[in-house]
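Visitor: Structure provided below as structure tokens; questions to follow.
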Amino acid sequence: MIVANNLHFKQGNFVIEDLSLSFPKGEVTGIVGPNGSGKSTLLKLISRLLQQDSGAIYIDDRDLLSYKRKELARKMAMLVQLKEAMPSFTVREMVSYGRTPYQNVISGKTDEDQQIIEWAMKETGLTQLEDRLVHSLSGGEQQRVRIAMALAQKTNILLLDEPTTYLDIGHQVELMALLKRINRELGITIIMVLHELQYAAAYCHHMIVMKQGKAFTSGIPNEVLTEDLLKQVYEIEAKIIYDGNYPSIIPKQY
Amino acid sequence: MQKLRNRRRWLIFWVLLFSLIISVYIGLSFGAASVSINEMIQALRGQGDEVFQTIVVDLRLPRVIIGLFVGACLAASGAILQGVMKNPLADPGIIGVSAGGGLFAIITMLIFPEYGYLLPVAAFFGAFLTTLLIYALAWDKGASTVKIILAGVAMNALLGALMNGVMVLYSDRVQSVLSWLSGGLNGRSWYHLEWMLPYAVLGIILCLFAIKPANIMLLGDDSARLLGQNVELIRLMLILLSSFLAGTAVSVGGLIGFVGLVVPHMIRLLIGEDYRFLLPLSMLGGAALVVYADTAARTLFDPIELPVGILLACLGAPFFLYLLRRRRMA
């Protein structure tokens with residue numbers, strides 16, 4: 001269970017104001033909201049890439065700031081937004097770096113490390129690609145490599161910052177299905193920032209809508225995602241049609 | 001695929017090792033008096049003509065070994081610096097790191113000659129302070145390629161001026177410094193090797209510990225943090241190590257530029273940026289390059305000896321311009 005209490009944070013244009021939230025354990029939570037609403041900032045606060053000015057975050061009833069670096073890296077993995085080019089490592093080498101929190105500067109890989117690396121590649125369907133160079137893979141395959149690396153960290157919590165950006169729709173759906181399976185079969189708590197409201201609604205158990213640094217609302221996706229919400233948060237007039245859990249959003253200006 | 005990559009790495013390893021051995025051979029053999037391989041082996045065993053023994057064992061051998069270490073240190077320093085600064089154009093000679101070491105070394109030589117044995121330490125501190133200063137000057141939520149180069153070139157100019165200033169003030173003692181300044185191995189003897197060796201060996205051993213952190217840093221700052229790494233500490237340690245290596249090389253070899261730029265760059269193009277291979281292969285390549293260049297520098301215009309730094313600058317500067325151009329195109 002992850003709980004945030006009265007978070008305040010300000011850095012340039014990125015502001016979080018008096019944010020209190022909880023993320024259910026073992027479920028998939030989607031954080032959505034317009035650009036600049038503070039979704040990525042919130043994720044960085046949870047992962048301690050940024051530190052709040054005041055307020056506190058608790059992971060399993062323990063203050064986030066009290067975790068040691070490596071201890072935290074065994075508890076929580078995160079896929080940051082892809083900005084830099086991938087180095088010239090093979091898939092296997094890249095996934096191996098997921099074991100870093102369990103090693104020191106000189107220690108080599110143990111048998112356990114090797115087994116976990118094999119397992120992580122198998123779970124993400126990368127076994128066939130293990131000797132390929134990461135930067136020679138497609139965007140979707142690269143994301144799978146990063147997920148495998150996170151799995152090799154053997155954490156209970158996985159954070160993802162806009163994992164579907166730059167992917168075509170085929171790879172997007174494949175990725176969301178993979179994440180759903182990871183959550184269901186491995187029981188890993190997933191929290192992700194998403195741009196696509198449809199995916200948030202269809203693949204998440206829990207949805208948080210951010211607006212101007214605050215949680216506008218949260219709850220079960222098909223109760224949260226309404227035509228009213230689109231008007232108030234995204235300032236568009238649109239119709240929502242559900243097919244099962246999957247919503248179609250049709251703007252009125254269209 | 002993986003096999004092919006490993007084969008390639010080994011191939012390059014053997015090619016570099018072979019060219020290193022050849023460089024040692026021609027370094028010992030070529031010169032005003034040329035020495036045949038039989039005479040060389042005899043001399044190394046302490047047999048044969050005493051003139052050859054003096055030439056090979058007392059004059060050329062220490063110079064060749066110093067060249068090997070200077071080259072290895074410079075190339076390793078460049079390889080690490082390029083990684084830390086995320087900048088393939090970072091070279092201790094271009095961005096003023098060597099000049100920082102040089103200034104402190106000159107001050108030691110001219111003002112405190114009685115502390116000559118501390119020369120490597122002084123050069124290290126000069127190099128380290130300069131690196132930190134460049135990094136701080138270029139820092140603005142991350143240090144960009146261009147800013148580092150600009151700050152570095154400015155520092156290089158300033159440090160050059162300071163060196164000249166010190167030399168003018170102590171012009172009566174300046175003769176010994178001049179040849180050192182242009183980067184030469186002229187007159188380097190067993191004595192110089194002896195006091196450089198501990199620093200060089202320590203630096204090269206420390207490189208082994210730098211491999212894993214340097215590789216993790218390739219994943220990006222945030223990713224390294226998320227793997228439980230203390231990114232600021234790693235970066236500081238790598239900068240320290242890079243300065244230590246540059247300082248060691250500068251204290252004996254003077255201002256030799258471009259080795260730290262050219263060699264790691266070529267190796268990276270050939271085998272990628274994985275430091276497990278990049279670092280050792282760069283050391284081999286740097287060692288061989290400096291010995292080749294030094295041998296060429298002392299034989300090309302016989303009887304006049306060019307400082308090896310000048311020769312390397314003539315080779316390296318066009319290469320640097322070529323890289324700059326290529327980057328702009330990309």
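Cβ atoms here come from the backbone N, Cα and C positions, even for glycine.
Straight out of TrEMBL:
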{"type": "TRANSMEM", "residues": "B:12-37", "note": "transmembrane segment"}
{"type": "TRANSMEM", "residues": "B:61-81", "note": "transmembrane segment"}
{"type": "TRANSMEM", "residues": "B:93-112", "note": "transmembrane segment"}
{"type": "TRANSMEM", "residues": "B:118-137", "note": "transmembrane segment"}
{"type": "TRANSMEM", "residues": "B:149-170", "note": "transmembrane segment"}
{"type": "TRANSMEM", "residues": "B:190-212", "note": "transmembrane segment"}
{"type": "TRANSMEM", "residues": "B:233-263", "note": "transmembrane segment"}
{"type": "TRANSMEM", "residues": "B:304-324", "note": "transmembrane segment"}
Visitor: Sort out for me which stretch, of B:61-81, B:149-170, B:190-212, B:304-324, has the most Cβ pairs below 8 angstroms to the transmembrane segment (B:12-37).
Guide: B:61-81
Visitor: Restricting to CB pairs under 8 Å, which listed stretch, B:61-81, B:93-112, B:190-212, B:304-324, is in contact most with the transmembrane segment (B:149-170)?
Guide: B:93-112
Visitor: Let me spell it out: take the transmembrane segment (B:304-324), skip the flanking residues so only those 6+ beyond its ends count, and list any with a Cβ under 8 Å from a Cβ in it.
Guide: 67, 88-89, 91, 93-94, 179, 182-186, 253-259, 261-262, 265, 289-290, 293-294, 296-298
Visitor: Below 8 angstroms Cβ to Cβ, which residues of this chain, lying six or more residues outside the transmembrane segment (B:61-81), approach it?
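Guide: 20, 23-24, 27-28, 44, 90-93, 97, 131, 185, 188-190, 192-193, 196-197, 200, 203-204, 207, 210, 214, 238-239, 241-243, 245-246, 248-249, 252-253, 256, 259-261, 263-264, 267, 275, 278-279, 282-291, 294, 308.
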